[in-house]
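**Q** Sharing the feature lines straight out of TrEMBL:
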type	residues	note
DOMAIN	50-236	domain 'Dihydroorotase catalytic'
BINDING	His60, His62, Asp152, Asp305	Zn(2+) 1 binding site
BINDING	His62, Leu63, Arg64, Asn94, Asn278, His309	substrate binding site
BINDING	Asp152, His179, His232	Zn(2+) 2 binding site
ACT_SITE	Asp305	active site
DOMAIN	338-421	domain 'Amidohydrolase 3'
Amino acid sequence: MKILIKGGRLIDPANSIDDQLDVLIENGCVAAVGTNLDSDNAQVLDATNRLVVPGLIDVHVHLREPGYEYKEDIQSGTRAAVAGGFTSVACMPNTDPVNDNKTVTSYICQKAAEVGLATVFPVGAITKGLKGESLSEMGQLREAGCVAVTDDGRPVDDGEIMRRAMEYARSFDLPVISHAEDLAIVGGGVMNDGFVATELGLKGIPWVAEDAMVARDVMLAEFTGARLHVAHVSTRGAVEIIRAAQKRGVAVTAEVTPHHFTLTEEAVRGYDTNAKMNPPLRSADDVAAIRQGLADGTIGVIATDHAPHHRDEKNVEFNIAMNGIVGLETALPLTLRLVEEGVLSLSEAIARLTCGPAQALNLSRGSLTVGSIADVTVIDPECAWKLEAEELLSKSKNTPFDGWSLKGKATNTLVRGKIVYNSDEV
Ligand SMILES: [Zn+2]
């Protein structure tokens with residue numbers, strides 16, 4: 001089976017390519033990249049006026065299976081992924097049962113392979129049951145297919161346990177993903193601490209709850225030599241701590257979500273529970289710092305933290321609503337807005353969604369190098385569309401972007417050389 005993607009603007013930041021080039025795919029791999037490639041008995045995919053990029057990678061997704069299939073499952077989640085242009089997703093371990101052992105990891109890998117849409121890279125738990133008490137069997141997790149470890153959704157409170165976790169993870173070359181918040185400082189906070197919280201009468205979460213934990217984890221990474229990846233950075237201070245650590249050679253990478261670089265705490269006005277997340281939407285000053293961090297490369301990864309919740313879990317009083325929003329189908333256009341606004345070049349934007357995440361979790365993806373696995377996303381950058389939450393392919397519809405006018409859409413998504421999404425056929 002041969003596919004020739006013809007006439008597109010190929011952007012492959014890993015190889016510093018931005019040029020009018022064809023891509024030939026054969027046997028699931030990139031067979032050739034060049035001009036006027038021979039289309040002999042190949043299926044031709046016309047990419048005129050389209051961008052052709054390495055398949056997008058999302059390193060922070062909650063697929064909710066096993067245990068919470070009423071919110072999302074591996075099938076619906078990976079379908080939403082490929083519709084959003086993502087060919088690979090890393091799924092967080094806070095399922096039921098928790099992915100803290102090889103049985104759960106194997107189940108996820110097997111189910112994802114059966115579904116056959118996006119490639120799923122499971123992330124295992126740092127501690128058993130996400131309880132923060134005893135370390136999981138990281139060697140077994142790695143063997144079963146886990147690419148990193150995290151207790152995402154919760155920090156590892158105890159600094160000594162986090163230190164041991166990093167030493168242990170390092171021996172298996174597993175990156176440790178930090179969910180950085182000091183729960184004692186968070187207290188009962190439900191949104192960013194500040195003027196808006198005061199006006200709304202909601203308890204705030206101050207920025208120092210995040211900065212303090214990012215600082216601890218960066219220092220532990222420096223001390224242990226572990227590879228650290230900081231999830232969903234939301235504060236100016238966190239960006240500054242990470243930037244300084246990278247300058248002195250600490251192995252730390254970081255991600256930011258589209259909602260944290262697009263929205264501020266103002267979105268909470270009206271008590272919209274679709275603006276409730278953890279970490280919370282921050283101040284305009286924090287958003288400016290995050291954008292600066294993306295621009296200078298301190299933050300090399302854009303990740304969605306795709307967090308599906310049933311409407312009954314959001315359609316409640318702000319204080320008790322669940323945290324998080326879905327993001328797989330809105331990440332690409334929201335990232336392309338950063339290009340329109342002059343924050344990132346187009347190539348930088350694509351890098352934050354491809355080689356950046358691949359490098360952070362050491363995944364053999366993220367480029368269109370000849371011989372590599374043919375994960376490819378074709379994008380219509382001019383496609384203007386209106387987001388209707390009800391039309392999302394995710395089982396859950398919790399998005400603060402309902403009704404937004406967006407620009408840019410994946411038109412074809414190829415995983416291992418197979419077309420798994422075609423926008424014309426939806
Ligand atoms: Zn998460």
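Just so you know, glycine gets a Cβ as well, placed from its N, Cα and C.
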**Q** What count of other C-beta atoms do you get within 10 angstroms of the C-beta of Asn94 (substrate binding site), across all chains shown?
**A** 21
**Q** Can you figure out which of His60, His62, His179 (the binding-site residues) comes closest in space to Asn94 (substrate binding site), comparing Cα atoms?
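**A** Checking each of His60, His62, His179 against Asn94 (substrate binding site), the shortest Cα distance is to His62.
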**Q** Of the binding-site residues His179, His232, Asp305, which one sits closest to Leu63 (substrate binding site) when you measure Cα to Cα?
**A** Asp305
**Q** Counting other CB atoms within 10 A of each CB, which of the binding-site residues Asp152, Asp305 comes out lowest?
**A** Asp152
**Q** Identify, in sequence order, the residues in the chain of His232 (Zn(2+) 2 binding site) that are 6 or more apart from it along the sequence and have a CB within less than 8 Å of its CB; answer 'none' if there are none.
**A** His60, His179, Glu255, Val256, Thr257, His260, Pro279, Ala303, Asp305
**Q** Below 8 Å Cβ to Cβ and six or more residues apart, same chain only. Which residues does that give for His309 (substrate binding site)?
**A** Lys71, Met322, Gly324, Ser396, Asn398
**Q** So what's the mean pLDDT when you look at the domain 'Dihydroorotase catalytic' (50-236)?
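**A** That region's mean pLDDT is 98.
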**Q** Going through the binding-site residues Leu63, Arg64, Asn94, His179, Asn278, His309 in sequence order, which have a CB under 6 Å from an atom of ligand 1?
**A** none
**Q** For a quick check of packing: other C-beta atoms within 10 Å of the C-beta of His60 (Zn(2+) 1 binding site), how many?
**A** 28
**Q** Could you tally the C-beta atoms, other than its own, that fall within 10 angstroms of the C-beta of His179 (Zn(2+) 2 binding site)?
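**A** Cβ-Cβ neighbours of His179 (Zn(2+) 2 binding site) within 10 Å number 24.
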**Q** Rounded to a whole angstrom, what is the largest C-alpha distance between any two of the residues His62, Leu63, Arg64, Asn94, Asn278, His309 that the record assigns to substrate?
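**A** In whole numbers, the farthest two Cα atoms are 17 Å apart.
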**Q** Let me check the 10 A CB neighbour count of Arg64 (substrate binding site). How many other CB atoms are there?
**A** 26
**Q** What are the non-local neighbours of Asn278 (substrate binding site), defined as same-chain residues 6+ apart in sequence with CB under 8 A from its CB?
**A** Gly153, Glu181, Asn323, Gly324
**Q** Take the C-alpha atoms of Arg64 (substrate binding site) and Asp152 (Zn(2+) 1 binding site) and report the distance between them in angstrom, rounded.
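**A** Rounded to the nearest whole number, the Cα-Cα distance is 13 Å.
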